[in-house]
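**Student:** From TrEMBL, here are the annotated features:
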type     : residues                                               : note
BINDING  : 45-50, D70, R75, 123-127, 164-165, E199, 310-313, R380 : NAD(+) binding site
BINDING  : 195-199, 254-258, R294, 301-307, 372-373, R478         : substrate binding site
ACT_SITE : C310                                                   : active site, nucleophile
DOMAIN   : 366-483                                                : domain 'UDP-glucose/GDP-mannose dehydrogenase C-terminal'
Amino acid sequence: MVDPTKGINSENTSCHHRNTFSCLPKESGNTSFWGMSVKKICCIGAGYVGGPTCSVIAYKCPELQVTVVDVNPQRIAQWNSDELPIFEPSLDEVVKSCRGRNLFFSTDVDQAILEAELIFISVNTPTKNYGLGKGRAADLKFVESCARRIAEIAKSSKIVVEKSTVPVKAAESITNILKANVKPGIKYQVLSNPEFLAEGTAIGDLLNPDRVLIGGEQTSEGQEAVSALGWVYQHWVPREKIITMNTWSSELSKLAANAFLAQRISSINAMSAICEVTGADVSEVAHAIGTDSRIGNKFLKASIGFGGSCFQKDVLNLVYLCECLNLPEVAAYWQKVVDINDYQRRRFSNQIIQRLFNTVTSKTIAILGFAFKKDTGDTRESSAIYICQHLLEEGAHINIYDPKVKKEQILKDLSSRPEIFDSPDRLNELVTICPDAYTAAADSHALVICTEWDEFANLDYKKIYSHMLKPAFVFDGRLILDHNSLLDLGFHVEVIGKRLTRDISRVVRTPAAGST
Ligand code: NAI
């Protein structure tokens with residue numbers, strides 16, 4: 001049960017602590033609950049979580065009918081086409097193997113609710129951009145509208161599973177809405193079942209999860225519902241990896257997991273700033289601390305900061321929760337994780353400007369990678385957006401290449417701050433979306449790695465160098481390139497967390513160089 005490779009911490013998530021939580025008990029995993037059984041599953045929300053999660057459920061549970069519904073008809077049409085709305089390695093194969101058999105994508109939300117015994121809510125819970133808690137609290141309006149729809153439509157009892165990431169006690173609100181509108185003879189149980197997949201490795205994470213978390217009411221009906229959901233996962237997940245606990249612990253565990261992961265990135269990025277000033281090398285420091293089994297070596301790569309739809313949103317959500325709970329010191333602690341992330345992005349783009357002789361106005365900068373990480377086309381909260389916008393503010397021309405992000409998405413993301421552009425045409429004048437890295441780099445002053453796509457490590461940098469303006473600069477924001485080879489080719493190279501260059505431009509650095 002305890003994974004010896006994971007050190008002492010894994011014991012805390014083991015089955016030994018039955019007082020507070022447990023693995024799915026042996027007698028559980030029953031298909032039946034309240035005299036019913038799970039045959040049809042509905043998932044509301046066909047996004048990065050709902051789509052892959054339910055595709056894997058359908059793939060692993062051929063006897064269940066899984067219907068994923070969404071209010072966005074375009075998204076559903078894409079799920080039913082050859083070009084899926086999201087890119088994830090192996091997702092195509094999984095979807096194609098069961099679509100039309102026991103996996104369906106539909107806009108008919110009501111019908112899917114009516115038929116299902118078990119309903120996942122996987123809708124978006126973005127940071128609120130209005131009203132109370134603006135900029136920090138999670139906006140639960142989509143989750144709430146799902147609860148109201150279920151209450152209105154349902155003609156039989158349902159297990160409602162909160163898969164979206166929500167603040168602690170959200171399940172209570174869903175329960176209240178369902179129970180306030182309940183029809184005679186219908187029962188509801190609301191479970192928390194947060195999703196821990198990471199974009200880019202979603203299918204592998206879903207097929208072989210570290211754990212599945214199910215939180216439920218500590219009543220016999222609640223435990224029956226937990227058991228029914230556990231039975232679905234037990235089709236492919238070993239029982240000891242299915243952890244059950246009370247609903248609030250489960251909800252908080254998701255926020256806590258993302259806060260801890262984000263905190264590691266901000267910690268190593270804070271170290272990278274010290275390294276650049278002192279001459280230490282952040283990769284060496286990361287290796288040294290990562291070999292300590294208490295720390296472990298994952299999530300210790302310095303970079304231009306974390307992105308994605310979750311980390312910032314969930315940490316801010318935690319900050320807001322702490323403030324509401326009158327825990328200002330705890331709120332301030334977690335807020336710093338986000339502050340350091342902003343600092344790191346700004347520090348990197350300032351470094352580009354300073355190294356390019358303190359101005360990028362009218363210079364051309366090639367940006368390689370726009371997605372928030374490799375192996376996804378998702379750009380939500382991508383650090384590349386912030387870095388490009390900062391360079392555009394300074395009057396730079398930027399050429400952008402990303403293997404998976406579409407032109408329209410890049411332009412939409414960059415226009416999120418219209419004040420940067422003094423006329424609507426200015427964005428198109430300053431930004432060129434390129435079909436490959438070589439086109440992006442041609443006639444540019446600098447090449448900036450913003451996403452760690454594997455292909456960027458294997459480019460012909462000799463050819464790239466020959467087509468760039470001199471002195472030619474490379475800024476490696478992801479620590480993926482062979483820096484010594486680049487120096488040998490004649491590039492001036494800047495990397496996060498390490499002093500490398502031995503060239504002329506350091507001489508012209510202003511006293512403010514290296515600071516932000
Ligand atoms: P998403 O934005 O990709 O997808 C959400 C979908 O829900 C959209 O297609 C939207 O049209 C649909 N929707 C919204 N309201 C609806 C309604 N009332 N009825 C039907 N459909 C509705 O969001 P994503 O990334 O899938 O995230 C969903 C939840 O999962 C969020 O709470 C997120 O924090 C959480 N999560 C996300 C992860 C990720 O890597 N993206 C990982 C783990 C959790």
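These residue numbers are counts, starting from 1, taken along the chain as shown.
Any Cβ shown, glycine's included, is placed from N, Cα and C.
Values in this document were obtained by computation on a predicted structure and should not be read as measured data.
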**Student:** Looking only at C-alpha atoms, tell me how far Y48 (NAD(+) binding site) is from the residue listed as 'active site, nucleophile', rounded to the nearest Å.
**Tutor:** 11
**Student:** Write out how many residues of the domain 'UDP-glucose/GDP-mannose dehydrogenase C-terminal' (366-483) are helix, how many strand and how many coil, based on DSSP.
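**Tutor:** Counting residues by DSSP class gives 45 helix, 19 strand, 54 coil.
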**Student:** Say we define neighbours as other CB atoms within 10 Å of the CB. Which of the binding-site residues T127, N258 has the fewest?
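**Tutor:** Lowest Cβ count within 10 Å among the binding-site residues (T127, N258) is T127.
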**Student:** From the Cα of N258 (substrate binding site) across to the Cα of E199 (NAD(+) binding site), what is the distance in angstrom?
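**Tutor:** If we compare the Cα positions of E199 (NAD(+) binding site) and N258 (substrate binding site), the gap is 13 Å.
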**Student:** For ligand 1, which among the binding-site residues Y48, E195, L255, Q312 have a CB under 6 Å from it?
**Tutor:** Y48, E195
**Student:** Rounded to a whole angstrom, what is the C-alpha distance between N124 (NAD(+) binding site) and F372 (substrate binding site)?
**Tutor:** 18
**Student:** Three states by DSSP: which one describes Q312 (NAD(+) binding site)?
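**Tutor:** Assignment for Q312 (NAD(+) binding site) reads helix.
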**Student:** Determine the Cβ neighbour count for E199 (NAD(+) binding site): the number of other Cβ atoms within 10 Å of its Cβ.
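**Tutor:** So the number of other Cβ atoms within 10 Å of E199 (NAD(+) binding site) is 24.
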**Student:** Which one is closest to N258 (substrate binding site) in space, judged by CA to CA distance, out of the binding-site residues G45, D70, T127, Q312?
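**Tutor:** For N258 (substrate binding site), the spatially nearest of the binding-site residues is Q312.
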**Student:** Grab the pLDDT values for the domain 'UDP-glucose/GDP-mannose dehydrogenase C-terminal' (366-483) and give me their mean, rounded.
**Tutor:** 96
**Student:** Rank the recorded positions A198, L255, A302, C310 by how many other Cβ atoms lie within 10 Å of each Cβ and give me the one with the fewest.
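**Tutor:** Each of the recorded positions A198, L255, A302, C310 was scored by Cβ atoms within 10 Å; lowest is A198.
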**Student:** What is the Cβ neighbour count of Y48 (NAD(+) binding site) at a 10 Å cut-off, with all protein chains included?
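**Tutor:** Taking every protein chain into account, the count is 23.
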**Student:** Relative to the Cβ position of N124 (NAD(+) binding site), how many further Cβ atoms are located within 10 Å?
**Tutor:** 19
**Student:** Looking at the binding-site residues G45, D70, T127, Q312, whose Cα is closest in space to that of G305 (substrate binding site)?
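**Tutor:** Minimum Cα distance from G305 (substrate binding site) across G45, D70, T127, Q312 lands on Q312.
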**Student:** Identify, in sequence order, the residues in the chain of D70 (NAD(+) binding site) that are 6 or more apart from it along the sequence and have a CB within less than 8 Å of its CB; answer 'none' if there are none.
**Tutor:** I44, G45, A46, G47, G50, I76, F105, T107, V109
